[in-house]
């Protein structure tokens, strides 16, 4: 500005942010009109750098440990002030946004970023309300300063970067990291703490609605198919990653999608493919010499992403909400090749598998994870984002399933016929056929076969799916080896579940070790 004070852009529009980002060298335009930005060495979340301020109003409700690490209040205040001082002479971008598409349960947020592209990401992923904060709630402050370098000895951080949540002061501080996914996941963690106190279940899931108004939820870790399977050309999308389930309905916590791009194809994922256009942020995607994105190129990371607003999707629920779900799908990526492609779960089995969260890290979103695929147990299908003890969420899930009568299914999007490296992965058309049968209600009350070792009930037929695939033992050439792997998997479930204090009815609902 003329007087030398740096400019602050308030509620800037996408075109303006893209122009500024290009002029400042923050990114480049692709042939399809999207803005490509690179995040440097951190191409995923940094769980070791995430903290929660330990203070009286929330400390007794938080499950402290390796996921939720405590940070001292005084150290937080000093660091927040230091970052504010650092931003004092910078051109800044500020937006008033909301998290939670529900009049009773939204949180108003003010997002301040050092870069134009991070502001574009925030405006794509959070909700841009017609009227900001209509219920006049206290506003959360988010500061994102990727250019600030933390000094662990001075700041009390783990490295040169940090993410810190402060529930008492309603503040989120992101310093020293460019990976934009940290912004959305930090506000997800905030809602995951706040919503259960109101009897609302926060969920790491995607959601869509059929033409008859029937809602389906898809739970799963990154890379298991949440975004791909919910982006269904025959159904209306509510959202692809974060939702709340309140008595009476399901609402999106966000206003956009953050889709994985690795090996993205127009044939298999037309909805996502068509959403990538002007206004979209492509994160760590490599382009060829003609500026055409090469989604097969994982030179920068397996975790390349597209961040776009829900408006980029033609078939969507404009109000970001839906009725309570008739069907709930737990997506698991089984690297051992043991689990069936679909199982029908009882209420107790649903609680067991929700707490277990068995799956694989596929193209993991975490820093430093190798491209090697390994199995993992991630509580509630999203352990890194849930501040309260796991039982709180499992209890809420059972309550909601029971009161509405939702049917829960376990769907394996991983391997069959042998473990990873030997067997083959279920292809997307097979999984889509299973999901089609689930959402149409064709698997309700069907004849099932009980797989004793896994303690799972498997339908004997699914329209559009080869019958031989339904019982996994049929796909293994070596039946004895299958039995061995099934035993190992059952044992690992049992060992993992020992930490949970739950009723026997849930404890005995898992595989038989």
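Quick reminder: no glycine exception, Cβ is built from N, Cα and C everywhere.
Going by Swiss-Prot, these are the annotated features:
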{"type": "BINDING", "residues": "45, 179, 185, 305", "note": "substrate binding site"}
{"type": "BINDING", "residues": "185, 204, 241", "note": "Mn(2+) binding site"}
{"type": "BINDING", "residues": "185, 204, 220, 221, 222, 223, 224, 225, 226, 227, 228, 269, 305, 431", "note": "ATP binding site"}
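Features per Swiss-Prot, on structure.
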residue : record                 : contacts (Cβ under 8 Å, 6+ apart)
185     : substrate binding site : 45, 384, 385
204     : Mn(2+) binding site    : 188, 219, 220, 221, 241, 242, 380, 381, 382, 385
224     : ATP binding site       : 331, 332, 333, 359, 360, 362, 413
228     : ATP binding site       : 268, 269, 272, 428
305     : substrate binding site : 180, 181, 258, 259, 260, 261, 282, 283, 284, 285
Legend entry - Candidates 45, 226: member of the binding-site residues with the richest Cβ shell (10 Å): 226
Inset, instruction - Rounded to the nearest Å, what's the C-alpha distance separating residue 226 (ATP binding site) and residue 179 (substrate binding site)? Just drop the number here, would you? - result: 21
Legend entry - Alpha-carbon spacing, residue 179 (substrate binding site) to residue 222 (ATP binding site), which is rounded to whole Å: 16
Legend entry - Maximum Cα-Cα separation (Å), residues 185, 204, 220, 221, 222, 223, 224, 225, 226, 227, 228, 269, 305, 431 listed as binding ATP: 27
